[in-house]
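The following features are taken from Swiss-Prot:
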DOMAIN    2-87  domain 'GST N-terminal'
MOD_RES   147  N6-acetyllysine
MOD_RES   212  N6-acetyllysine
COMPBIAS  221-254  compositional bias 'Basic and acidic residues'
REGION    221-268  region 'Disordered'
CROSSLNK  253  SUMO1 cross-link
DOMAIN    276-437  domain 'EF-1-gamma C-terminal'
CROSSLNK  285  SUMO2 cross-link
MOD_RES   401  N6-acetyllysine
MOD_RES   434  N6-malonyllysine
MOD_RES   434  N6-acetyllysine
């Protein structure tokens with residue numbers, strides 16, 4: 001089973017393909033998408049990154065065994081299982097057919113139509129109208145194919161469904177309003193069936209379909225464009241004027257700034273996004289440096305080094321401890337699927353890593369398991385309400401604030417951080433644990 005790290009930027013629909021595939025196959029995929037671990041536009045241009053991934057593109061996957069692969073479809077294929085890839089030569093060929101169709105037929109018109117509504121690309125009326133007609137053709141083609149089928153290939157979800165759904169995602173979210181999509185009931189049924197599968201929801205969350213077709217906003221587009229400073233012209237000195245014309249031209253040529261590197265569509269999307277406000281900016285400075293504890297936890301012995309460091313430096317006024325327990329243990333069946341619930345939550349909380357740490361454990365066996373963990377948050381309240389992006393999963397858990405000075409808390413922190421102990425409050429053996437750091 002594949003295991004490794006996926007480098008990407010936040011909310012990259014191309015990365016969703018591999019992450020959803022991993023939900024089905026059970027592949028263990030860690031995501032690095034935000035500083036300090038990964039800074040898109042910088043990290044992926046470093047010599048170290050380019051040695052592994054010469055194209056400098058993301059998503060890029062580095063296996064725990066050192067195997068490296070880029071291109072989203074290749075990564076999704078690698079982390080999949082036989083069922084997703086197509087269990088017969090004929091099914092496998094059809095999966096490749098739809099994956100190729102998504103890239104060649106869906107991406108171009110979808111980008112032409114959707115990107116201007118996001119302020120990423122300038123609007124061209126004729127190009128947009130052509131793209132709309134092309135999208136109609138594609139949805140109609142899918143509608144005919146799905147008239148007698150639940151999924152694109154065979155009777156179960158495959159990479160074909162995962163890839164095409166992810167490619168259509170922004171169309172359904174941004175421009176396919178009810179009056180436009182109603183002509184394609186079979187495509188809509190299939191799309192809704194897929195996005196409501198637990199494995200899709202674990203990565204995509206709740207997908208809200210477009211209610212009103214988004215339009216190009218010229219002001220938003222103008223604001224998204226990088227502003228260039230125009231140097232002020234100054235009168236040249238007498239000596240400057242006396243220089244030979246050819247010499248002055250050479251100096252100007254030498255002083256001319258290097259042309260800006262052309263941004264790809266993903267970088268343009270990031271540049272277009274307004275800088276997010278730090279949800280924790282209102283809190284006073286704390287003496288507890290979470291990153292330093294994380295380094296101790298990752299590189300030193302937990303019981304003899306990391307835990308003593310934690311309690312010695314923990315700032316109970318600037319940080320808080322919480323115990324979380326999954327509300328619906330009766331719904332947990334296969335342990336690998338239960339583990340994927342934890343992984344999916346961690347992935348959606350990626351931007352919270354700088355201000356949180358957690359150890360979450362899956363206890364028990366198939367059809368008899370539970371999930372609980374200990375969390376460390378900046379501030380005295382739960383962090384999830386501070387950002388809509390963090391609110392997908394937390395209501396599925398009960399949360400209890402812990403007293404850092406109590407013996408119970410000391411025991412919980414020791415057992416959950418080390419994955420060792422009696423866990424008397426659980427009544428089940430440790431199956432496996434996950435660390436959010």
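Cβ coordinates are placed from backbone N, Cα and C, and glycine is handled just like the others.
Just so it is clear, the model here is predicted, and its values are computed rather than measured.
Shown here: features listed in Swiss-Prot, placed on the structure.
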{"residue": "147", "record": "N6-acetyllysine", "contacts (Cβ under 8 Å, 6+ apart)": "186"}
{"residue": "212", "record": "N6-acetyllysine", "contacts (Cβ under 8 Å, 6+ apart)": "177"}
{"residue": "285", "record": "SUMO2 cross-link", "contacts (Cβ under 8 Å, 6+ apart)": "318"}
{"residue": "401", "record": "N6-acetyllysine", "contacts (Cβ under 8 Å, 6+ apart)": "320, 321, 322"}
{"residue": "434", "record": "N6-malonyllysine", "contacts (Cβ under 8 Å, 6+ apart)": "339, 342, 343, 346, 359, 360, 361, 362"}
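Residue 285 (SUMO2 cross-link) carries neither a helix nor a strand DSSP state and counts as coil. With DSSP states grouped into helix (H, G, I), strand (E, B) and coil, the domain 'GST N-terminal' (2-87) comes out at 33 helix, 17 strand, 36 coil. Confidence annotation: the domain 'EF-1-gamma C-terminal' (276-437) carries a mean pLDDT of 90 in the model. In the three-state DSSP reading, residue 212 (N6-acetyllysine) counts as coil.
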